[in-house]
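Feature annotations, courtesy of Swiss-Prot:
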BINDING   ALA6, MET7, SER8, GLY9, GLY10, VAL11, ASP12, SER13, LEU32, GLY125  ATP binding site
DISULFID  CYS101-CYS193  disulfide bond
ACT_SITE  CYS101  active site, nucleophile
SITE      HIS126  site 'Interaction with tRNA'
ACT_SITE  CYS193  active site, cysteine persulfide intermediate
SITE      GLN351  site 'Interaction with tRNA'
REGION    378-406  region 'Disordered'
COMPBIAS  396-406  compositional bias 'Acidic residues'
Amino acid sequence: MRVVAAMSGGVDSAVAAARALEAGHEVIGVHLALSQSPEAVRAGSRGCCSLEDSADARRVADKLGIPFYVWDFSDRFKADVIDNFVDSYAIGETPNPCLRCNEKIKFEALLDRSIALGFDAVVTGHYAQLHDGVLRRGVDADKDQSYVLGVLTDEQLAHCMFPVGDTVKPEIREEAADAGFGVANKPDSHDICFIPDGRTQAFLGSKIGLRPGLVRDTGGETVAEHDGVYGFTVGQRKGLGLPRETLDGRPRYVTDIDAHTGTVTVGTREDLRVGGIIADRLKRLDPEVHGREFDCEVQVRAHGGVVPARARLVDDPTPVTPAGRVKEADELPWRLELELLQPLEGVARGQAAVVYRPDEDGDILLGSGTIRATTALGAPIEEQPAPGTVGAVDADAIEQGEDAQR
């Protein structure tokens, strides 16, 4: 097959390209130029879109002896990822920009251009397994990236290859070193590539502006003021601006954010727990399960947040979501209701809920949706009139009182 290897400049995409070549495919390397201001993109080895990354990708392509190109998707990236990121926070949602980039850039813009140019597939370094249209978790549980691929359609997956998904990361680094790739020991990227200094709150503030509001406790008492709800995330403990210690001595966390009124609510850790999720913007879920319950596991964060659940698909014919967003053409006309069999903490509106079926050969990804509401423990799963929450953090971050999104 003729394939396009998406080369980020990291070790995973380098080995993916090498494996595609070794498998006998005709391979070209493509690096995506995503920033309209290259000098504003993170410099150094921890970014994923820097000029150094482009140079690293080119050196790997030269080592492999394959053609190398840089394709400029900066306009698409700004409109579909950066602007979406800002707009989502402005309406009280918490988007995952890496997931959005996969959906709109790597497996829409890149894939569409590749197919138009006569290529058969796109090769990436994602840690996921794909065989005969079945998408599974990667073998390396610590590096599994199937979650951020949950938004892909069956049609897109038919033109995807994930060559490193059956290997653990240390072996990938060894393989890269044996091949003489200079990126063999390059650190993984973790931060948001379009926020070079990692100051998400300042970035959002520069785009959204001051929107003062109140911080209230669960009893409705005003305990502080703030400059904008985008400075908070559900589960956040530090930096709340609370002027005094709580009477009971227990720490307080952000439990809810209402972007419409500008109100941030704080409460105890117990107040973070949810027992149900409602999701829309559904992808890949089998129409045959419509109207009946099925057991699954649901993951709500890229790393962690996996619990067993009982799910069902119900009709949701409205063309507009509760947040006012018009549904896209490839979204299924239903909503997903999930009864969590174990509670989750810090679940956010706007995050992805990715559904799996456990399997000994690697959990099978069934589909995904975007969280639009949650229900409290013991409450029925139904549309909630109260506004949704913003932000989501890993359990470890809650325990340490750190904000995992900032």
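Just so you know, glycine gets a Cβ as well, placed from its N, Cα and C.
The most densely surrounded of the recorded positions ALA6, LEU32, CYS101, CYS193 is CYS101 (count of other Cβ atoms within 10 A of its Cβ). All protein chains shown were included, and the count of other CB atoms within 10 Å of the CB of HIS126 (site 'Interaction with tRNA') stands at 26.
ASP12 (ATP binding site) falls within a helix when secondary structure is assigned with DSSP. In the shown protein chains, 26 other C-beta atoms lie within 10 A of the C-beta of GLN351 (site 'Interaction with tRNA'). The Cβ of SER8 (ATP binding site) has 24 other Cβ atoms within 10 Å, all protein chains considered. The local packing around ASP12 (ATP binding site), expressed as other Cβ atoms within 10 Å of its Cβ over all shown chains, amounts to 26. The Cα atom of ALA6 (ATP binding site) lies nearest to that of HIS126, taking the recorded positions CYS101, HIS126, CYS193, GLN351 as the candidates.
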